[in-house]
Amino acid sequence: MNILAIDSSNLVMGVAVSTETKVLGEIITNVKKNHSIRLMPAIEQIIRDVDLTLDQIDRIAVAIGPGSYTGVRIGVTIAKTLAWTANKEIVGISSLEALAQNGMHFNGLIVPFFDARRGQVYTGLYQSKDGKVECVQEDRLTMMKDWLGQLKECQESVLFLSNDLDKHVAIIHEILPNSVIGEAVYNNPRPSEIAKLAFTREPSKDVHHVVPSYLRLAEAESKWLEKQVNKE
Amino acid sequence: MNFEKPNIILGIETSCDETAAAVVENGTIIRSSVVATQIEIHKRFGGVVPEVASRHHVEQFTVVCEQAIKEANVEWEDIDAIAVTQGPGLIGALLVGVNGAKALAFAHQKPLVPVHHIAGHIYANRLVNEMKFPLLALIVSGGHTELIYMRSHASYEVIGETRDDAAGEAFDKVARTLDLPYPGGPGIDRLASIGKPNIDFPRAWLEPDSYDFSFSGLKSAVINMVHNAKQKGETISKENIAASFQESVMDVLVAKTMKAAKEYHVEQIIVAGGVSANQGLRQRMEAACHDAGIPLSIPPLKLCTDNAAMIAAAGSIGYLKGDRADLALNGNPSLEIEKFSV
Ligand SMILES: [Zn+2]
């Protein structure tokens, strides 16, 4: 089975083509450039570079977030459209779960996160077990400070993986002084990991129903809901 | 340039709050036109919320495309090109359509034709009446108020545009002041039809030779008047305010359009965009064009509001003219129509 993996959910943009046993090719960039301009050409290039055609792709794996709203939408729209129109299976993968895979060989808790501004992060809790990184506490949007307090209770060593470490490293050291900070090479989510995860998942029954996982309402929606509550 | 070559275009539109796909033959025959509107969703916010709109586009995009292909009863090999709104519009919303269209173009190895949203509104007319050149198009919607002169197909010269609010925007804001629901156009139109235009609101004519528009002064005048009346506890006739406001807008729109039509000796006047659904505007334009002896074309309501058939119709011309985009195409919220001119 050939899987095409797509991730434009955060600053890192990645595309990969894998079989069950081999990563045939992977393109990753970690620069502030426009995903809308670059993602589709990257998909075309990776498929061509590994000497395949779209016909030979069986399944499409896509990072569904959390992350940049616009970034997530670009990846999900392209993945859904390709899957629908070219009759491919599709699997959505959490962007945090994808990043957590980089902690596979860490003996302890794995905490991937993306900065969500004003002290908040998108994050989740993962752990490596029997050669698999499993989710222990589901993905969420939370204040980093509260999250660290919670992690402290676990009394286990914690590995933090993120390209946004610089924004949060001070508070991490303050609350969890013994935690491990991921080296640069481990902080880019890798599309080949997304492909790997997608091999083991059931594809979505209906491609139309694949939606981004924003983990946060649009601002106007939460304000509107707040108003309704206040009215009561 | 040969604009007679047969073609079938899949059009895609996601620039604001409608997710739409359509199949159009030869730029004139609608094979299918599917629109998933979000009006009900945005009503509670009192206007279109860009992030909410973008989220709904992602949910609806493939559904709408599937339905358009199915209803048109075409196979992918029958389709000559994919036309997509590149701009102007809400950037987050545009990006869904643009990236979806690129994926389709890549998957089926079809030419990708970028389309200007306003060109789409103009070419909506071609789905009803063949265009006669030279023509003058008045585009009035929530985002636009423009006068565009066309010498021939795909020749766009903006001779006038709004310097502040779009006409539709003024309608929405005045409607809100009168406690009418969003979108404001239909509510004002309805009240205006039973009210009397007995209040003298300002009309911004600007410089004598200018075809530009300005509606912010008028909008403020209406809002101030309603506000002052409320403060003094006076009852005001919403009907008369609506009628007077509408008359003020129409006076300027109609007068400037007719003046330009005569100066440019046009063979046809086209009115398009969401506000062209307004009965007041339709009646006034019909009367003025009748008096001037210039044929008028206004597409039916469902082609006035945003749809993808109009994008496919404009895309047909763009396709034959040779407009092409590659897979690096990006949405452009402030795209200029002159870029698409021959
Ligand atoms: Zn429009």
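Every residue, even glycine, has its Cβ placed from backbone N, Cα and C.
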- Item | According to TrEMBL, which candidate in B:ASN73, B:ASN99, B:ASN240, B:ASN278 joins B:ILE139, B:VAL140, B:SER141, B:GLY142, B:GLY143, B:ASP172, B:GLY185, B:ASP189 at the substrate site | B:ASN278
- Query: If TrEMBL says B:HIS117, B:HIS121 bind Fe cation, which of B:ASP251, B:ASP291, B:ASP306 does it name for the same site?
  - Reply: B:ASP306
- Task: Return one of helix, strand or coil for B:GLY143 (substrate binding site), based on DSSP.
- Result: coil
- Taking the Cβ of B:HIS121 (Fe cation binding site) as the reference point, list residues of the same chain whose Cβ is under 8 angstroms away and which are at least six residues distant in sequence. B:ALA137, B:ILE139, B:SER141, B:HIS144, B:ALA272, B:GLY273, B:CYS304, B:MET310
- A correct count of other C-beta atoms within 10 Å of the C-beta of B:GLY185 (substrate binding site) gives 25
- Item | Cβ-centroid neighbours of Fe cation site B:HIS117, B:HIS121, B:ASP306, 8 Å, sequence order | B:GLU13, B:SER15, B:CYS16, B:THR85, B:ILE118, B:GLY120, B:ALA124, B:SER141, B:GLY273, B:ASN307, B:MET310, B:ILE311
- Message: Using only C-alpha positions, which one of B:GLY143, B:GLY185, B:ASN278 is spatially nearest B:ASP306 (Fe cation binding site)? These are the binding-site residues in the record.
- Response: B:GLY143
